[in-house]
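Everything on this sheet refers to the single structure shown next.
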Amino acid sequence: MFYKFLLFDLDHTLLDFDAAEDVALTQLLKEEGVADIQAYKDYYVPMNKALWKDLELKKISKQELVNTRFSRLFSHFGQEKDGSFLAQRYQFYLAQQGQTLSGAHDLLDSLIERDYDLYAATNGITAIQTGRLAQSGLVPYFNQVFISEQLQTQKPDALFYEKIGQQIAGFSKEKTLMIGDSLTADIQGGNNAGIDTIWYNPHHLENHTQAQPTYEVYSYQDLLDCLDKNILEKITF
C-alpha cells in the first residue's frame, strides 16, 4: 500500500506528555501550597488516565473530566477545592509545555523529505494542544492540526476521521495512515474509520484489546523502515 496522508497522534507519539504533565502539576500544586507533591502526583496520574479512558468510552463528558479531576484529587486528601478553577490554572501551565520525544523533529524532517503530507490528529483541549504545539516547534511540519474539541468528536469515533477527510484536498482512506501509541483511541479509531494504522509501541506492550493495527513499530526508525518498505513494494509492483 502506498500512503500519502499521515495522521499523527501527538501525546506519547511526538509530544512528551509525561514530562509536560509533571511540570504543570508541580506548578499547580506548589501554587496551592501542597507539601507532599509526589503523593498528589501518584494519585492524580492514574486517576486522570482512567478518566480519559472513560471519556473515550463515552462514560463521562469532557466537561465532567475537566471540571472534576482536581476536586477529586484534593478530596482524596481531605480538602475541598473548586475543580473548575484549578482546571483553568492547570491548563494555563500545561499549555506552556512543549517537550517533544527524542527524535521527533528528525522523524518529521525525514517524512517531509519523502514527500508525505503530515497532519496532527489529537484528542484534547484546543487551548492546551495549540499552546503546546507552538512551544514544541512542530507546527511547521503539519499541513493542518485537527483537535477533537474543535471537531466536536474524538478518536476512536469514525466521525473524527470523516471530518478530517472532508478538510484534506484529495483525501482517500486508501492513501491515509493513522500513527499513534493508543490502541483504544488511535488504532481502534483507524479500524472504525477503515483507515490503515501504525501502532507506535516503544515499550513493547502487549495488545489485549480488540484493536488491530496494520503495522506495529517500536521506534521512529522502525516507522521509517515500514514506510520505505511500502514505497519499494509499490515501485516493484
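Note: Cβ is positioned from N, Cα and C throughout, glycine not excepted.
Residues or ranges marked as active site, nucleophile in Swiss-Prot: D9. On its own chain, D9 (active site, nucleophile) has A121, T122, K155, M178, I179, G180, D181, S182, A185, D186, Y200 as residues at least 6 apart in sequence with a Cβ closer than 8 Å to its own Cβ. Secondary structure at D9 (active site, nucleophile), taken from DSSP and collapsed to helix, strand or coil, is coil.
Positions annotated as Mg(2+) binding site by Swiss-Prot, on the basis of similarity to another entry: D9, D11, D181.
Residues or ranges marked as active site, proton donor in Swiss-Prot: D11. Long-range Cβ proximity for D11 (Mg(2+) binding site), meaning a same-chain Cβ under 8 A and a gap of 6 or more residues, is found for F17, T122, G124, D181.
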Task: Would you list the other residues of this chain near Mg(2+) - those whose C-beta lies within 8 angstroms of the C-beta centroid of D9, D11, D181 - in sequence order?
output: L10, H12, T13, L14, L15, F17, T122, G180, S182, A185, D186, Y200
- line: Simplified to three states, DSSP reports D181 (Mg(2+) binding site) as coil
